[in-house]
Amino acid sequence: MSTKEKLISHVMKEEPVGSRNKVTVVGVGMVGMASAISILLKDLCDELAMVDVMEDKLKGEVMDLQHGSLFLKTKIVGDKDYSVTANSKVVVVTAGARQQEGESRLNLVQRNVNIFKFIIPNIVKYSPNCILMVVSNPVDILTYVAWKLSGFPRNRVIGSGTNLDSARFRHLIGEKLHLHPSSCHAWIVGEHGDSSVPVWSGVNVAGVSLQGLNPQMGTEGDGENWKAIHKEVVDGAYEVIKLKGYTSWAIGMSVADLVESIIKNMHKVHPVSTLVQGMHGVKDEVFLSVPSVLGNSGLTDVIHMTLKAEEEKQLQKSAETLWGVQKELVL
């Protein structure tokens, strides 16, 4: 008899039970690992699968996480073969070429489209009913690419979008007002990145409109220069990349925030990238961030924002910028 047999008596033969809340992270780079640890520490899934083409790096990262299993409640698996991802509820795609210092997110695009042509069909093969969350940049265009390549309905393809931009915005407003970010209600919509749109008309604390107190807020004529906060949001990622070489922690926490809303069916509103054709005067088939409701079925509803004419114009300009790139893509 083995030690195990001497120690344990079987009462019944267990039937294999599939995972109920399996999450897959594709890509074990800085963003993938920050997303993985954030998901694990929030205890969101009963199984976390990780996949990457870099076999040694993947193996090392998975082992490193597995060595912390005592402190977690999640089974951790990893393989370069996508069969390891089978039957995932949510698949988070972070893989792709990394943004270089000074490189715009749009420059990355065709490099990452080619990577997606391999990744997306594999995800669909093993998790045909999953919710696909795209994090790789440029996120809005790659969410469109993932939607086209997957054949999924639009509610099951979501981009992490401006969830992080809005978090940065709320943090910086909070710093200026000496308040916690959760008490500063503010939204950034449109493109994740250089042409994002701050909705100054909606910024409020406890229902008090800040533009009501300072009608010039967010404009050139504002003596308090609130507009600089949006510039800081846009420049924030570039600044972090310049200082430490990449961004990871905040985007990882943002991803876990979105996964939580889906897995726990919270019906929480997030600014995430979705198909906005027909909204706010956008005519083309583009994905941009608008406040959207996330739950078990993915993205179930979109909130109709009341935008000022200038904000709507900026959103349309954002859409045109993205469409200009999208129509050149080879899918």
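Including glycine, each Cβ sits where the backbone N, Cα and C put it.
Positions annotated as NAD(+) binding site by Swiss-Prot, on the basis of similarity to another entry: 29-57, Arg98, Asn137. Look at Swiss-Prot and you will find Arg105, Asn137, Arg168, Thr247 tagged as substrate binding site. Per Swiss-Prot, active site, proton acceptor is recorded for His192, and the stated evidence type is similarity to another entry.
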### Message
Given the recorded positions Gly29, Ile37, Ala49, Lys57, His192, find the one whose Cα is closest in space to the Cα of Thr247 (substrate binding site).
### Response
Gly29
### Message
Is it possible to get the count of other C-beta atoms within 10 angstroms of the C-beta of Leu41 (NAD(+) binding site)?
### Response
14
### Query
When a 10 Å sphere is centred on the Cβ of Thr247 (substrate binding site), how many other Cβ atoms does it contain?
21
#### Entry: From recorded positions Asn137, Arg168, His192, the one whose Cα lies nearest Ala49 (NAD(+) binding site)
Asn137
### The one of Ile37, Ala49, Val53 whose CB sees the fewest other CB atoms within 10 Å, among these binding-site residues
Val53
### Summary
Minimal Cβ count within 10 Å, across the recorded positions Lys57, Arg168, His192, points to Lys57
#### Entry: Nearest recorded site to Gly29 (NAD(+) binding site) by CA-CA distance, among recorded positions Asn137, Arg168, His192
Asn137
